[in-house]
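Notes follow once the structure below has been shown.
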Amino acid sequence: MTFVEVKQFLREPINTGVAVGLPTALLIIFGNIDGMNVPDPLWGGLRFIDYFTPSMVVIIVAVLALQSMPSYIANYREKGVLKRLSTTPVSPAMLITAQLLTQLAAAVSALVLLMLVGTLFIGVPLPAHPLDFILSFLLGLSALMTLGLLLAAVVPNGRSATAASFVIFIPTLFFAGVYAPRAFLPDFVVTFGGYFPPSVQALQDSWTGDGANPWHLLTMAAIVVIFGPITAKIFRWE
C-alpha cells in the first residue's frame, strides 16, 4: 500500500518539484548572491544563508503536510475510495497510514537533499545539536500533519482542501521568516512564531544555537495530543 502511494506521489510534479526541489533551489540561489555569504551581526553573527536555512526546512514540511497530504485524502473521499476500502481487508486507516508514511519519507528525502547541497556546495554547517534537530523536525512535522489531517477531515474535496490549507499555510511561512527574515519582525511576533508549528525557532536553535527550547517542543507535542483525537473523532470516510 505504501509503495502504491509513493508511486502516486512521484507522479505529481507539485510534490517532487515544490516540496522536494524548491527549498534546495532557493538555497542555491540565495547562497550565490553577493553578501549572503558574509557573517553579519544582524543574523546573530551568522551568514544570511545559514540563518535562513531553517526557513527552507519549514517550506518542505508545510507543503507536504498542508498542501499535498490533505488534498490526497480529500480526493480519495470524494472519489469514494475510502468507502470502497471499508468493505475490503485493506481498511481506509491503512491507506491513511500509507499516505502519512509517504509524506514522511518525502520530507526526510527533501531534508537530506537540502542539507547535502547546503553543506557540500554552499558551506552551510550541519546542525550543531543533531538530536535536538531531529526531534524538532519530527515533532514539527507531526504537528503540521495533524492539522493537515484535521483539514482533510472536514473539507468536501481536494480543491477545497487546497484552498482551506492556506489558512494555516500562509501564517506558517510568515512566522518561519520565509516572506520576511525574522530579524525584521517585531519581537512579539518572533516569540509567538516559536510556538507556531512547526516551530522554526526550535529548528534554528538546534541548528545554529544552544539547542531547542523544551517549551517549543512540548507545544508541538501538545498539538498532536490535542488535535489528533479530535481529528480521529470527526474524520469522515465518505
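Including glycine, each Cβ sits where the backbone N, Cα and C put it.
Curation plays no part in TrEMBL annotations; they are all automatic predictions.
Copied over from TrEMBL:
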- 14-238: domain 'ABC transmembrane type-2' (DOMAIN)
- 12-31: transmembrane segment (TRANSMEM)
- 51-74: transmembrane segment (TRANSMEM)
- 95-121: transmembrane segment (TRANSMEM)
- 133-154: transmembrane segment (TRANSMEM)
- 161-180: transmembrane segment (TRANSMEM)
- 215-235: transmembrane segment (TRANSMEM)
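For the transmembrane segment (133-154), the residues of the chain that approach it from at least six positions outside its boundaries are 57-58, 61-62, 64-66, 69-70, 73-74, 77, 96, 100, 103-104, 107, 111, 127, 161, 164-165, 168, 172, 197-199, 202-203, 206-207, 212, 216-217, 220-221, 223-224, 227-228, 230-231, 234-236, judged by C-beta separation under 8 angstroms. Same-chain residues lying 6 or more positions outside the transmembrane segment (215-235) and placing a CB less than 8 Å from one of its CB atoms are 135-136, 139-140, 142-143, 146-147, 149-150, 152-154, 194-195, 197-199, 201-202, 205.
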